Amino acid sequence: MRRDDAAPVGWAVSTQPVPYPAAVAAMEARAAAIADGTAGELIWLLEHPPLYTAGVSAKAGDLIQPDRFPVFESGRGGQFTYHGPGQRVAYVMLDLTQRGRDVRAFVAALEAWIIDALAAFNVTGELREGRVGVWVERKGAGWSREDKIAAIGVKLRRWVSFHGISLNVEPDLSHFSGIVPCGQTEHGVTSLVDLGLPVTLDDADAALRASFSKVFGPVEDAEAPV
């Protein structure tokens with residue numbers, strides 16, 4: 001999923017939590033500028049304050065505790081998800097007219113990016129038919145289960161993507177109990193720290209950056225939109 005011209009993608013990191021409405025406004029403005037040819041592609045890494053977002057397929061019954069955190073309609077694909085401190089959100093603003101107008105290939109590239117980044121910590125990320133995102137199989141004495149470690153939800157406008165992925169590094173996993181995450185009632189959520197790994201957001205950022213370059217091409221430091 002690389003550009004033919006190998007132009008680098010901007011890589012920006014916000015060091016303070018960004019309110020969701022401000023992030024969406026900045027994303028939409030940047031995506032429009034990319035489509036107009038007045039701005040370059042951008043990957044924007046950030047955290048949000050605790051909140052829930054509803055994708056276009058969200059079901060009202062999956063919002064179990066509507067008063068727990070603010071709830072936002074997102075317009076992205078998918079259902080309900082949680083964002084909050086300790087979770088690395090990466091908003092992906094890429095021009096698919098330069099990379100191939102193939103939505104399936106784009107989502108597969110996002111999955112490959114996450115899986116390769118997890119491998120840096122010796123975590124095997126897996127895909128499951130009919131379940132969006134990246135999963136980790138966990139086994140113990142006489143038991144096994146599959147927990148979600150990363151979510152994917154994107155939107156395209158004029159063939160420019162926005163929204164993106166979220167990777168659970170060290171969020172408060174109890175915050176997911178206010179929703180049915182991504183409509184999955186039979187499976188849980190996990191994080192790198194929950195798996196027993198002493199991983200920081202900086203560690204995750206380094207792995208995500210290295211893996212992105214493998215899948216999508218080179219990056220260069222950029223200023224965060226907010």
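Along the chain as shown, the residues are counted starting at 1.
Even glycines carry a Cβ here, placed using N, Cα and C.
Taken together, the residues of the domain 'BPL/LPL catalytic' (37-220) have an average pLDDT of 94. The domain 'BPL/LPL catalytic' annotation in Swiss-Prot covers 37-220, and the record cites sequence analysis as its basis.
Classification of GLY78 (substrate binding site) by DSSP places it in coil, neither helical nor stranded. Around the Cβ of GLY78 (substrate binding site), 23 further Cβ atoms fall within 10 Å across all displayed protein chains. The substrate binding site annotation in Swiss-Prot covers ARG76, GLY77, GLY78, GLN79, PHE80, THR81, TYR82, HIS83, ALA151, ILE152, GLY153, GLY164, ILE165, SER166.
Look at Swiss-Prot and you will find LYS148 tagged as site 'Lowers pKa of active site Cys'. DSSP gives LYS148 (site 'Lowers pKa of active site Cys') a strand state. Its Cβ taken as reference, LYS148 (site 'Lowers pKa of active site Cys') is surrounded by 23 other Cβ atoms within 10 Å in the chains shown.
The annotation active site, acyl-thioester intermediate is assigned in Swiss-Prot to CYS182.
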C-alpha spacing of LYS148 (site 'Lowers pKa of active site Cys') relative to PHE80 (substrate binding site), in angstrom: 13
LYS148 (site 'Lowers pKa of active site Cys') and GLY78 (substrate binding site), Cα-Cα, nearest whole angstrom: 14
For substrate, whose listed binding residues are ARG76, GLY77, GLY78, GLN79, PHE80, THR81, TYR82, HIS83, ALA151, ILE152, GLY153, GLY164, ILE165, SER166, the greatest C-alpha pairwise distance in Å: 15
